[in-house]
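The next block holds one structure in the form of structure tokens; read it before the comments.
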Amino acid sequence: MASSRAQRFNPIAFTPWPVTCITTIVYLALLIPILVINLVVPSAPETNPKGVNLTEAWRDLQHLTGGFHPYNSRRNDEVHEWLLSRINSIIRPTVEAGQRSSATDNLPEVFVFDDNRSNLTYSNGGVGKTSIVGVYFESTNIIVYIRGSEDDLENWWERSNGKPKGKGGVLVNAHYDSVSTGYGATDDGIGVVSLLQLLRYFTTPGNNPRKGLVLLFNNGEEDYLNGAHVFSQHPLSNFTHTFLNLEGAGAGGRAALFRTTDTEVTRFYGNTKHPFGSVLAADGFKMGLLRSQTDYVVFNGILGLRGLDLAFIAPRSRYHTDQDDTRHTSIDSLWHMLSASIGTTEGLVSYTGMDFDGKSKDQNKVNSGAGTLGVWFDMFGTAFAVFRLHTLFAISVALLVIAPLVIFVTNRMYLFSMSKSLEGTGDQVSLRGLRGFSRTPIILVTATTIPICLAYLLEKVNPYIVHSSQFSVWSMMFSAWIFLAWFLACAADFFRPSALHRAYSYTWIFIATWIMLVINTVYANQKGIAAGYFLLFYFAGAFLATWISYLELFALPRKGDFARQTTGRRPSSLSSRLLTSSADELRSNASPSTAEFPGAAGEDTDPTESTSLLRGQRTTFANYRTSGPGGAAEETDEREDINKGGTFEHEQSWSWTLPRWTWVLQLLLLAPIVLILVGQLALFLTASMCQVGSDGVSTFVVYLACAVFTTLLCIPLFPLIHRFTYHIPTFLFLVFIGTLIYNLVAFPFSPANRLKTFFIQEVDLDNGSNTVSLTGIQPYLTDAINSIPSAAGQNITCDKTTPFGKLERCSWSGLSPNVLGQGRERDTEIVPDKWITYNITKTVGKNKARIEISGRNTRACKLKFDRAVANFQVSGSAVDHRMPPTSRQGVAEIRLWSRTWENTWVVDINWHESADESDDDDDDDEKHDAPQNVLSGKAICMWSDANQPGVIPALDEVRLYAPSWIAISKAADGLVEASHSFTIQ
């Protein structure tokens, strides 16, 4: 009998060891590649592709990031001149070849515009009754135009009011300014050197663009998207219809596509070899969950261009800090963005269709046509899926209707059946078909509650551990969910075993995903939200897995046949010992011997011509051969085989004919699609959000997202988990204990994952006070300040009056800054006239005034008012009706930026007598002289150049003495702000 049992071993049977091994292999085979994709950047090619020089690009990046280069710094001017030199060196061979060639049609014309003329006054538009911020900015953008082979040959921009003809061109944008506290390797140095390589690529013979290509090296993005705004005043802004914006919101890794305008333009990103990104991030912006903005909002929202946002998203702890340098990124990251830029741009400039040249609905925007909302995501970093949101909606509606109908019309047989009545006698035969029906929702809710409780626990005890240990958090939640679900499922199976556990589990999963898909479909239709696209595939997999469970039931005998057989009323020729019920399933008075072996008496008949060669045997739906009732000599041993090869342990006896391999098919239909789509989303989300706590965002959102995604990823395991052996759950329980202890007691920051704090030094020129402030999260902020020598022994004042959520701002009297430039006296004493000069002239009898302001060794100042002014105008400024400088809310602050150092701005302002009055230049003199006509505020200038040690000693001191797990970033436009108070009456 041993050899017989060995032959019956099935490596894919629904028994503990096959289930444990196969399920583990499937999950590891999918999760490991997903982890690799999110953690490892594809290698750059060893040899340069045609038209690209990666070595040159890396050297350019190293030069660009040799110092801090914010707009308000001398090094920014050096970078500007260096870029012009690099551009000219790249296009020089093309220009010289064109001059020597008689057939210049094959060589693209290249035009370089050093835009030092454009300026603009605009505002942020305001929200509700909030006063807006007005901005005046002078351009230092560099614009390169590569004429396409199908472009108008006329230099139309040289004519006044000249307009382009033909199809619109393509804009690729990156900003060459950095923040004052970061070297800007990924924000946005890689974008800048990618533009240089795009220039080289499209001026290489054979790579000529069909449509014109505009490369915008914009300056001033970090402070208020100023460079993109002022680009709107250049003639080429009317030529481009599509765009690709290169950005950085992290400091390395892969460049992610995290926002696009429509389906049609997104398809061109599919040309890249290593796509990466999801529509989830785009919907985060749409729903207001992500508040930081890029030049994308200017190109699309104001100019009406259609395009894509490509950016680095992690790690945010290095973003805007001194670790955003070439040491902490790689040539692989550079190649990932560059290759995506080349693939996308090449597709856009080669496109000959009319999708991007239709009439615009807004006459103030370019005629770029109208796109459709899209759904897009990558798969394993090698394939890219993109389709219309309307397609998602239509398929979702169809599946929501068809799937339940298919399930409903499929014969459920033993499902939901407790017993079967015998015809004629009325006897009830127990089927136990409802056993296992209610356990799934109870266990799933319990298992899901645990990660949510853990999220609350971490938020209360150690809220920032995810900052440096996101995978420890993931491991804790995964192990807790799986162990608890396994324990409860095994307990339920022990006390009430059921062969229908899998069918009921898939049914509940089907119901839950159906509800979620309904909600997602409503949001997709009404709000245009596509982030739940994975639910369509999740539901489709759940539907197919559920349907298979229902189709399995066709392998069972009919309930009536089983009932008659258990009471001995079926003919012996149709009977089988393997359909025997246990004693507690029989509610009739039939004798056990008759019920168990109803055909024993008539089995030894003589064979005839019609007798089967496999006499006494039958084949089940699962292709298991079972013996019929043979001789009494082997009855005991054969009964033992039946128990091992038929029903599993104490499950319903009618279940022996159920297929034993279909669980593998169900696993493969549901688990891979869930792991691929949901797994990538989970890692993408946590990688981009795990370090937002240092920005004042609640980390509970991150932990809650981990808990939800843990459940979504583990649900495909649940129908099978009661068959697991104890080995893996026990191991995971130990993992849970270890990671829980670590997550509760470990210090959340490290030199590789630093806590970001925000620095500013404010000098009050009225009283000579000098205040240094750091903004961050407590109690870590206090620990950092206690390590600073100049703060020792001082009364540190802290408050939460910041716009950054949970952050606190702590201040003390700091070291005096030396920002007035070389050749001037050291600023050990605050002399107001050396810092800012300003003059205010009020118009007699009116609520009008002219303010002249200038700062020493700076080109950035601002005016802040205690109450909003109605209107303002900067002398010599252009105004664009698409971006009005004021609104009915009024202007509370005016920011002034100049391309010229120590420039004097002349600003005319007027203000209302009260918040309810409209502007009226003919108001009575008595009203204007009344106290309510008094306007007070501050004249402020800013300094942002920290390249030389000793210029801002307080900043040098913080960097030198702060703990290694502290990073310093800017708190405002300037590192140092000096202010004068004024009153106009």
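Cβ coordinates are placed from backbone N, Cα and C, and glycine is handled just like the others.
What Swiss-Prot annotates here:
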- 21-41: transmembrane segment (TRANSMEM)
- 42-388: topological domain 'Vacuolar' (TOPO_DOM)
- H175, D187, E247: Zn(2+) 1 binding site (BINDING)
- E221: active site, proton acceptor (ACT_SITE)
- Y319: site 'Transition state stabilizer' (SITE)
- 389-409: transmembrane segment (TRANSMEM)
- 441-461: transmembrane segment (TRANSMEM)
- 462-470: topological domain 'Vacuolar' (TOPO_DOM)
- 471-491: transmembrane segment (TRANSMEM)
- 503-523: transmembrane segment (TRANSMEM)
- 524-527: topological domain 'Vacuolar' (TOPO_DOM)
- 528-548: transmembrane segment (TRANSMEM)
- 563-612: region 'Disordered' (REGION)
- 667-687: transmembrane segment (TRANSMEM)
- 688-700: topological domain 'Vacuolar' (TOPO_DOM)
- 701-721: transmembrane segment (TRANSMEM)
- 728-748: transmembrane segment (TRANSMEM)
- 749-985: topological domain 'Vacuolar' (TOPO_DOM)
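As a quick check, the transmembrane segment (471-491) and the transmembrane segment (21-41) miss the bar of 3 or more Cβ pairs under 8 A, pairs 6 or more apart, so the two do not touch. By number of Cβ pairs under 8 Å, the transmembrane segment (528-548) is matched best by 667-687 from the list 21-41, 441-461, 667-687. The stretch from 389-409, 441-461, 667-687 with the most CB pairs below 8 A to the transmembrane segment (503-523) is 389-409. If you look at the transmembrane segment (701-721) against the transmembrane segment (441-461), you find at least three C-beta pairs under 8 angstroms, all six or more positions apart, and that counts as contact. Panel annotation: around the transmembrane segment (667-687), residues 22-23, 26-27, 30-31, 34-35, 37-38, 253, 256, 277-278, 280-281, 313-315, 377-380, 466, 470, 474, 533-534, 537-538, 540-542, 544-545, 548, 702, 705-706, 709, 712-713, 715-717, 720 of the same chain, lying at least six beyond its termini, place a Cβ under 8 Å from a Cβ of the stretch. Within 10 Å of the C-beta of E221 (active site, proton acceptor) there are 27 other C-beta atoms, taking all protein chains into account.
For the recorded site, E221 (active site, proton acceptor), the DSSP three-state label reads helix. Surrounding the centroid of the Cβ atoms of H175, D187, E247, where the record places Zn(2+) 1, the chain contributes additional residues within 8 Å, namely A174, G184, T186, D188, G191, E221, E222, L246, G248, A249, T294, A311.
Cβ-based neighbour count (10 Å, all protein chains) for Y319 (site 'Transition state stabilizer') stands at 26.
Counted with DSSP, the topological domain 'Vacuolar' (688-700) comes out as 7 helix, 0 strand, 6 coil. D187 (Zn(2+) 1 binding site) falls within a helical segment according to DSSP. Taking the Cβ of E247 (Zn(2+) 1 binding site) as centre and 10 Å as the limit, one finds 27 other Cβ atoms among all the protein chains shown. Here the topological domain 'Vacuolar' (524-527) has long-range neighbours at 389, 392-393, 396, meaning same-chain residues at least 6 beyond its ends whose C-beta is under 8 angstroms from one of its own. Sequence-distant contacts of the topological domain 'Vacuolar' (462-470), counting only residues of its own chain at least 6 positions beyond either end whose CB sits under 8 Å from a CB of the stretch, comprise 317, 686-687, 690-691, 693-694, 699-700, 702-703, 706, 742-746, 748-750, 752-753, 755, 777. Sequence-distant neighbours of the topological domain 'Vacuolar' (688-700) (same chain, 6+ residues past either end, Cβ-Cβ under 8 Å): 249-250, 281, 313-317, 455-456, 458-459, 463-464, 466-467, 470, 753, 755-757, 776-777, 802, 804-807. Under DSSP, the residues of the topological domain 'Vacuolar' (462-470) split into helix, strand and coil as follows: 4 helix, 0 strand, 5 coil.
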